[in-house]
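The structure under discussion appears below in the form of structure tokens.
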């Protein structure tokens, strides 16, 4: 049954690269088999609730530009929003979706009312999932929008805010578990500081570590089989966030004994804000054993803030998927479009066309990455570059079997005098361009 919001638009289908239909896929064919799996199973696309159905189109200099019939804080409006959302997921053939609690339920007067409202909409979501076959990639709690969180959630100087946050996370984990979510995400938009003048860094680190440990403990208590994911971001809205980037989060996890329990949900826009490429963050997480999932979007490279735009750069996307595929692809994770329309894109069809374009770009990048994997030249180059470390003396150094004294004696005895070797960066860049 259609809501009428998208007019007479029918399900978006694959028409091929020569199609000029703006409401068709040109590169994303969910049934195309690549590296032994359907493209849908590789990419695991998800559509986010917040940017598509909650954001009103405002910016710091102007208010609402989107006119949506569900923009009311009532349960009736929340269910209408769900009807439109699941209709859009179905039109796009998006197998997954993601949400914050505050995206989907009316705001209550207190915690108990919030919980009742969330439980009611979860009942409705369960029905919609059954009807459509759409699944939940991950759920999360909004612990940043309400004024109570202005000084943080787990890192708040007020223990009552910490307690309220913990209780809210518990209800959101319950909701995610009930809906069969495959991950649970924590993003600490207010877990940081505006000024060090009023901040106790050690205290806040202890609080954040305790909260995340409780999340892991509760996961095991309720039998949630999905992954717990932390989403790094260096700043915005906070001046400085503690989960700055992949390497920083790993240090935090290690410090609190969670490195084997928690993985990362990495966003391209957040990587850019941290001064990294997206593939850097993915490769770092893979090297540290904490890669989980991705939010696919981009930032405007000239603006300097998180613009959350849909991806449109095939070479960037290809390198991201190359590093994902190189380590076996997604397990519980997927490709969530944490991207929003521009505030002038006010038509219902704009929502569809934005996702169609993003899905096509991801498909093009993914196919290029798969071709690079199958070709094997890049991987072999890296293997050959480090081949010297497979020799017995090199393995002994790496294994800690040789001291500095012993290594120094060997260098002198064997008159080791290494010569520089080309990194061949330009050759490798040309190689990548063959595929993208």
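Using the three backbone atoms N, Cα and C, a Cβ is placed for every residue, glycine included.
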From 231, 236, 279, 316, the one annotated by Swiss-Prot with 267, 295, 338 for Mg(2+) 1:
231
Taking the Cβ of each of the binding-site residues and counting other Cβ atoms inside 10 Å, which one has the highest number: 267, 306, 338?
267
Consider the binding-site residues 231, 267, 270, 308, 338 and say which one has the Cα lying nearest the Cα of residue 103 (active site).
338
Cα within 10 Å of residue 338 (Mg(2+) 1 binding site) is the criterion; apply it to the binding-site residues 270, 306, 308 and give the hits in sequence order.
308
Which of the binding-site residues 231, 267, 270, 306, 308 has its Cα closest in space to the Cα of residue 100 (active site)?
231
Take the C-alpha atoms of residue 231 (Mg(2+) 1 binding site) and residue 270 (Mg(2+) 2 binding site) and report the distance between them in angstrom, rounded.
9
Counting across all protein chains present, how many other Cβ atoms fall within 10 Å of the Cβ of residue 295 (Mg(2+) 1 binding site)?
24
